Amino acid sequence: MRVLSGTSLMLCSLLLLLQALCSPGLAPQSRGHLCRTRPTDLVFVVDSSRSVRPVEFEKVKVFLSQVIESLDVGPNATRVGMVNYASTVKQEFSLRAHVSKAALLQAVRRIQPLSTGTMTGLAIQFAITKAFGDAEGGRSRSPDISKVVIVVTDGRPQDSVQDVSARARASGVELFAIGVGSVDKATLRQIASEPQDEHVDYVESYSVIEKLSRKFQEAFCVVSDLCATGDHDCEQVCISSPGSYTCACHEGFTLNSDGKTCNVCSGGGGSSATDLVFLIDGSKSVRPENFELVKKFISQIVDTLDVSDKLAQVGLVQYSSSVRQEFPLGRFHTKKDIKAAVRNMSYMEKGTMTGAALKYLIDNSFTVSSGARPGAQKVGIVFTDGRSQDYINDAAKKAKDLGFKMFAVGVGNAVEDELREIASEPVAEHYFYTADFKTINQIGKKLQKKICVEEDPCACESLVKFQAKVEGLLQALTRKLEAVSKRLAILENTVV
């Protein structure tokens, strides 16, 4: 490691100070959350037919409660109603029944499944003709009040949904359709409002339905700029997004573990270390012979790394219907050992829960307890060959908000929109696709160039270039100070 002279260190410190004052460069790292919802008449329409087991219905109730928790509930804010259906329709509570969040949550806990058939069309008809009526607490149509129905179902309806859903949408009701398990996906599309990619959701089982609650929390949120309102704790920079915010630091500073305050970075360390985790799709559609090609792809990337305790560490996670850590960061200290562990990885088969894998990456793989190093660059490579069976948007966004560099690699039936959702900015440089597993080695070559050790922003390796940059910044700062002095002189003369 190069040792900086006293003069260089002084200049480096000065540059960092100037960058803090003048540079627009940001490194988003941490998010806060605060949400205020617009007035809404919201009716849940929930399938409790025989195919929904009691334990699964309890999962639905957890999902409903999580969405309700995020709302501003009140007579002049958001009102919530609940329609339960099977062969018949039962209104569990009307829009006017409960005016507090606590009362709503208690009412949800008391709901019991009905069993028997699946009359989804009848339930939607009840919602638009009865549940939104004046007598039940529905408010008059107004641009200031949203009318929303969220339908949750796990099967094929025994009646038609297309016409009644079209009438609901035409009357100004926004329809969301959530399908679980063996649901008829064409039915979901017939129910939902446009754009359908924002109004149709599918999960493989009720055990993961609560993952969708965050989506609806954000969908109902109308606060657009928490930074402008001052509802944040960021020390240097606040970046606003609907209902939330991201704390960041000026160039030359790093975000502390509290996600709010910043420290000047120190020379000779930081991003020269890389923690790299592979998230590998081991679903049934990959097939055993192609899974062996995926292993070679991983080893191809590993061969390009400087594996050591101080430079690159590698972790590996495989996912299908569940998530399995093959080995954590730091377990193996040589390329040879890493590649041997990759060769020994067994194929999981089953489903494609990419969202769950991304959440595992955030909650486990990049934690200190799993071998991640504070200050090391965090890189995730997600490899998949098909559409995810769970919701990926929240976890994908959070990974990027936390500063992880995310690459998305798709093969065959992989969905481009999902790859783009996962990939870091600029997206074109962080997502790759090929139609055939036999050509993934070409993607490996491209990735090798992308996964490089970033230059330490505090290292000042090129002193000539560095000094020129300092001089330029000093001149700019001098001009700004002169302009400020002139303004102060004018103000002083005005006062006198």
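The backbone N, Cα and C atoms fix where each Cβ goes, and this holds for glycine too.
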Q: In Swiss-Prot, C249 sits in a disulfide bond; tell me which of C234, C262, C265 is on the other end.
A: C262
Q: Could you tell me which of the ranges 148-176, 380-408, 409-437, 467-495 is annotated in Swiss-Prot as coiled coil?
A: 467-495
Q. Which cysteine out of C227, C247 is the one Swiss-Prot pairs with C234 in a disulfide?
A. C247
(Q) Candidates are C238, C265. Which one does Swiss-Prot pair with C227 through a disulfide bond? (A) C238
Q) Counting across all protein chains shown, how many other Cβ atoms sit within 10 Å of the Cβ of C262 (disulfide bond)? A) 21
Q) What three-state class does DSSP give C262 (disulfide bond)? A) strand
Q: Given the recorded positions N76, C247, C262, N344, state which is nearest to C238 (disulfide bond) when distance is taken between Cα atoms.
A: C247
Q: Check the Cα distances from C249 (disulfide bond) to each of the recorded positions N76, C234, N344 and keep only the ones within 10 Å.
A: C234
**Q.** Other CB atoms within 10 A, centred on C247 (disulfide bond)
**A.** 27
